[in-house]
Ligand SMILES: NC(=O)C1=CN([C@@H]2O[C@H](COP(=O)(O)OP(=O)(O)OC[C@H]3O[C@@H](n4cnc5c(N)ncnc54)[C@H](OP(=O)(O)O)[C@@H]3O)[C@@H](O)[C@H]2O)[C@@H](O)CC1
Ligand SMILES: [K+]
């Protein structure tokens, strides 16, 4: 598992390492050397400019400068503030620097081939203004390759948000573990290629820190991915019910159903309003079809306890139709994936949803995009950073919250969260979300724990996008799953 450490957790990792006997300057030396190694992928003769800030991020810059100078690079180093004002390890690192220290404003960014951005890292705590902002504008205007130390300056390590202005880097070199700010947008776009360097912090410090955020990679959920037994039966792999909207909007529910079946549900049944039965009948093959007369009809279907998960929301229709149906689903014992119109149904009264969620024991996964999220959690929508938004929404609602985007974040009420970085831009296409809802549904049907099921579905959905690439449409995504699984289990 790849943990993501926010600035406070990373500071704790440093503190524990130093308390266990490794001096801070030793960590800083290793950090600066790692930066120098990435910079040195550019050949000798490269003109380097190093922009150092007033804290330890700047200290890493001084170390990198010393090492690169010793290797024969031509370089200039500029400092925001004065050497005399540096403290602690940064002061020690600056004392070893034998070159000239220019005022930051005197650095010739335009004449550099490579810029090392060591202005601010984990300690950035307010918007950047003044001379530092001017330096960042000059860095971004230059044609030089940019290597950021720890984080591109201006990106908040915990949220990925830009504080004022931010460096656009080609490479970022971070230490010990990636940070949420490297994965969350727009931080990921600013970070460029990420190198995670070992600077001598032992992974055992994580036992004390207990990080709650991870990169969404298979290691996170693969141990929970159900594997059909040789002597198993389709009834062992769950039975999902997908609730369809009316005659003119049945496609979304079919995308959900097909994805649920493809990913592994034993059986999938489409619950269809009477007027849509003929449309579904003309399309469905391996998916079963049942007639559903309104909310009462849905309750009747769900009296069959073998139906262990309900997917409801995609193409469900306006609130007068959708709200009673969702309430009928919430009153059942089945796990629920609540998406799209099913979420928007509660826009006038989100507390009504939260009250219903509190009464349930089976899990609910909410899968909003930003607009739907703002309908349920208007006060959380403006929080900086998707991670906090998803986490607080999960805590408030008691549901697993999957907040969609290029950096889809899944959070559970107890605080665990996973951020994905594998979705290609082609995945933002009509019906893509319906397929994702179906993938979660299928994994829940198979009995996968809800947080892991949501995280796995996000990754598999993203990888289906990678496999298909440009030209994909949502109809293809579920059918790409066999190839996705083949790649996963090579
Ligand atoms: N700890 C360790 O052992 C190791 C840490 N390492 C490195 O240390 C980095 C963290 O160092 P850090 O904590 O000193 O913070 P850093 O990012 O340099 O910035 C703080 C300085 O900036 C200032 N400042 C903040 N915002 C500002 C703004 N908007 N505009 C202007 N000023 C602003 C703030 O000033 P103040 O708030 O006091 O005015 C303070 O002086 C980390 O990213 C990694 O690179 C590695 O060497 C490995 C070992
Ligand atoms: K930086």
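Any Cβ shown, glycine's included, is placed from N, Cα and C.
Of the residues 14, 113, 117, TrEMBL places 117 in the same K(+) site as 57, 153. The candidate list 431, 433, 438 contains one residue that TrEMBL assigns to the AMP site with 404, 405, 406, 407, 408, namely 433. For residue 57 (K(+) binding site), other Cβ atoms within 10 Å of its Cβ number 25. Cβ-based neighbour count (10 Å, all protein chains) for residue 56 ((6S)-NADPHX binding site) stands at 25. For the AMP site, the Cβ centre of 404, 405, 406, 407, 408, 433 serves as reference, and the other residues of the chain with Cβ at most 8 Å from it are 369, 403, 409, 420, 423. Listed in sequence order, the residues of the same chain lying 6 or more apart from residue 117 (K(+) binding site) and placing their CB within less than 8 Å of its CB are 51, 139, 146, 147, 148, 149, 152, 153, 167, 169. Neighbour list (residue 408 (AMP binding site), Cβ cut-off 8 Å, at least 6 residues apart, same chain): 216, 402, 419, 420, 423, 458, 462.
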